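Working notes, beginning with the structure itself.
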Amino acid sequence: MSKGRLVSRSITHSLHLTQLFSPKTSPPNPFHTFHRPLTTPSPNTLEGLIDPDFNPPGPNPRTEPDLAEELALLRDSLVDNTAECSSSESGKCSNDALLVWNVIKNSNDGFGGKTQVLLRQFRKKLNESLVVDVLKLVQNNNAELGVKFFLWAGRQIGYSHTAPAYDALLDALGCNREDGKVPERFLREIRDDDEMVLRKLLNLLIRKCCRNGSWSLALEELERLKQFGYKPSRATYSALVYVFLKAGRLDTAHVVHRDMSDSGFPMDHRMLGCFVHSLCRAGKWREALDLIENEEFVPDTIIYTQMISGLCEASLFEEAMDFLTRMRSSSCVPNVVTYRILLCSCLNKKKLGRCKRLLSMMLIEGCYPSPKIFNSLVHAYCKTGDYSYAYKLLNKMVNCGYQPGYVVYNILIGGICGNEELPGEGVLELAENAYAEMLDAGIVLNKVNVSNFARCLCGAGKFDKAYKVIREMMSKGFIPDCNTYSKVIGFLCNASKVEHAVRLFDEMKKNGIVPDVYTYTILIDNFCKAGIIQQARSWFDEMVRDGCSPNVVTYTALIHAYLKARKISDANELFEMMLSEGCAPNVVTYTALIDGHCKAGHIEKACQIYAKMRGSGEISVVDMYFRIESNAQEPNVVTYGALVDGLCKAHKVEDAHDLLAAMSVEGCEPNHIVYDALIDGFCKEGKLDQAQGVFTKMSERGYNPNVYTYSSLIDRLFKDKRLDLALKVLSKMLENSCSPNVILYTVMIDGLCKAGKTDEAYKLMLMMEEKGIRPNVVTYTAMIDGYGKTGKVKKSLELLKQMGIKGCAPNFVTYRVLINHCCASGFLDEAHELLEEMKQTYWPRNMVSYRKVIQGFNKDFIINLGLLNEINENESVPVTPVYRILIESFCKAGRLEVALELHREILSSSSFMSADRNIYSSLIESLSLSCKVDKAFELFGDMIRRGGVPDLSVFFYLIKGLIMVNRWDEALQLSDSVCNMVR
């Protein structure tokens, strides 16, 4: 190598180091002094944790201007093993190499004069590539000829061997075999020809063994080199030291180093760095300091950084931080590499508190982590639930000059929304803020995060935003697949936002994405649960038509819905279709059959299906369900739960209790639902002792009572007016850290109101609001009814206003209750106004709507209002009772004009299908006593035309009215007619 090239390389290297360790710079290639990666990879290492620009240490020695030959050999020897033949990267040798090999092989004179004469023609073509290619051809044939060719080539004018040629010769001599031992005879032959060539070859052989990690073989070759009387070069010693340091054999490395020093090769800066790094990695940082002192080196930023790296690899973080302080006190400024090593090590070891401190120190000193380290930090803090700091890291990235991208946004939003448990309101807000930022940057969420983000938004009640997320992602070029659509549709359905789900389903089909059985089944199941069976069946027919085969879940959902709606023939028809399509029913199907028949009031048939499942039934009525034999017919805990609940609701609690014993025989452990159903059933029957027995058994089985368990007991105690005991149960509930929900609070408020303790009930309602539980329409209605029964109607009216202010809309039952109490207390104008308000705000048009209005109310409460029979018997909207009480009240108050107006209004309603005898009787009585007999007879005729059957009191008041206006003849005629009718 020329002196000019050496000077040029030295200057370049110096400039590189100056730029590398500038404290305010974040260079693309930190430093090349370490001999191994920063940390040993582990299964827990995060992808992207280590900066790709951070190169692990490699054996690149510093240049020495006075050792040109050694440096040339060192430079060449460290060429990557993969570049063995520059001209044959494709695996093929050149034509000249093949010609040379043919000459050597076919001359048959053992590389004698004839061969050498023939090879003269290739002298001018000799170069590194040709020699390497020929030696590669020799490798698997005749090593002896390879040695002779190598020696011949080296003697040719204009050509000298390079490191790749020496490597090729070593491979030809078998260095790449398992033993890696070069035969002694070849070495002696080379020595006899050219001792300098042998010295270079042996030095390169040792370094080759070191590169291959064969340090034991390297030692053997070192000994052989000395036996031949040669002195190892500095590069050879360096390679040996590095390989032993890398292997963790510090003692051997020290021995080689002493031999190296004795040979006149002092330790250089790079070797010192590797030594102290290895010592610190072994926890011997004091020895590292001693070594620096003995070698009379002044530690610089590179040395300190290598020591810190070793301490971090040894998990000696306190010592590493001490060295950070030590280097500051030595006027060595930590650079970006120093901080990145500390930060990455703490991150790998999950020392996240220390990471915050280090990151703060880095940013203050203008040293910035790479974007990938930021990504890993965000991921780590999301894993620990510190979402607030993870979000702050995005701002820190911006401050460092990096624009957060696709990866980090998805890491943050995925970390917040990817857990099974829904995030809190504040945490979800962070995800929403991050989403808004990434949307502005034109970045999209991945498929998984679209689904998870939408699920969390739905869980927080932000259904419109969840739907909007899908649309926004699509506007950015993201097309959800069927799985993504299905998941979001499922989230919307579970949140009762079915209209949004249907819109998304329609959009899915418009985008050309074919719904699968999972998507259809989600919609069918949810519409069945909502009682909208016609639409569910329409989708079922659509999927069958389009070639999407329903599965057992699809069939089961529809069959269950038909049974609950008492459409037994439709359910049986669908079951037959299921069997004909080869879809075998499973235990869920049979459980749905039992539950459906229970809810349809066919408790006997449900019991027969259960008996057949157990193999103890010989009932032909349910044989149609068991034509296919299946192991899935054995009842499980859900089956028992459905039957126990059905029996309890059918007032067969004792039979339900007997199922507990049957479950034990079958080895089926009752769950919380079974126990709760039994406790509730006994409480509804007023059998508190039996309920207490089940409660005790449930506790013995290790099931803690929940809010529903306590609700059943407290509700019964309030009904029995055992308030003291109810409060004791409530106290026990609170001791067990079971917080009451809105249902239980409503039960207690209703119970206190029925006991006449309205003030206590109101205080309880205020307390539940303080606890963060908002009273619902049932709570307010119970409170309004309680005040009304104690004559505090004005207080009831005030509560109605409170409902509106607090965003709780009254429903039909609320108005009905309040109108009754207003009429009973003489507040007729207020009652009339309530009727008008009720019609404007909520006026059910059909029976289904009316059922929705009263859902959630306690059954006994509905019975007390007299609505249950009306619901069962009257298929029109039961508004008649409201008009009846208003008309009767206005009649009693003598305000016949208003009463007649209300009557005309109800007659004009399509819901008034037949005559209401009570309304007509009240009006006829009032008109007759007010001497308005003609109007009374007009109403009597209308009543008859509408199919009404008058009772005797109507005739009595008509006769009395005729007498009061002196129409005696008509009165006598009507009297005779009544007598004849009675006879």
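Numbers here mean position along the shown chain, with the first residue as 1.
Any Cβ shown, glycine's included, is placed from N, Cα and C.
Per TrEMBL, the features are as follows:
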REPEAT    233-267  repeat 'PPR'
REPEAT    370-404  repeat 'PPR'
REPEAT    481-515  repeat 'PPR'
REPEAT    516-550  repeat 'PPR'
REPEAT    551-585  repeat 'PPR'
REPEAT    586-620  repeat 'PPR'
REPEAT    636-670  repeat 'PPR'
REPEAT    671-705  repeat 'PPR'
REPEAT    706-740  repeat 'PPR'
REPEAT    741-775  repeat 'PPR'
REPEAT    776-810  repeat 'PPR'
REPEAT    916-950  repeat 'PPR'
Averaged over the whole of the repeat 'PPR' (706-740), what is the pLDDT? 84
Taking residues 6+ outside the repeat 'PPR' (916-950), which of them lie with a CB under 8 Å of any CB in it? 880, 883-884, 887-888, 891-892, 894, 896, 899-900, 903, 906, 957-958, 960-962, 964-965, 967
Give the residue counts of the repeat 'PPR' (741-775) per reduced DSSP state, in the order helix, strand, coil. 26 helix, 0 strand, 9 coil
Using DSSP, how many residues in the repeat 'PPR' (636-670) fall into helix, strand and coil? 26 helix, 0 strand, 9 coil
How about long-range neighbours of the repeat 'PPR' (636-670): same chain, 6 or more residues beyond its ends, C-beta under 8 Å? 587-588, 590-591, 594-595, 597-599, 601, 603, 606-607, 610, 613-614, 677-678, 680-682, 684-685, 687, 690, 694, 697, 701
What counts of helix, strand and coil residues does DSSP assign across the repeat 'PPR' (671-705)? 26 helix, 0 strand, 9 coil
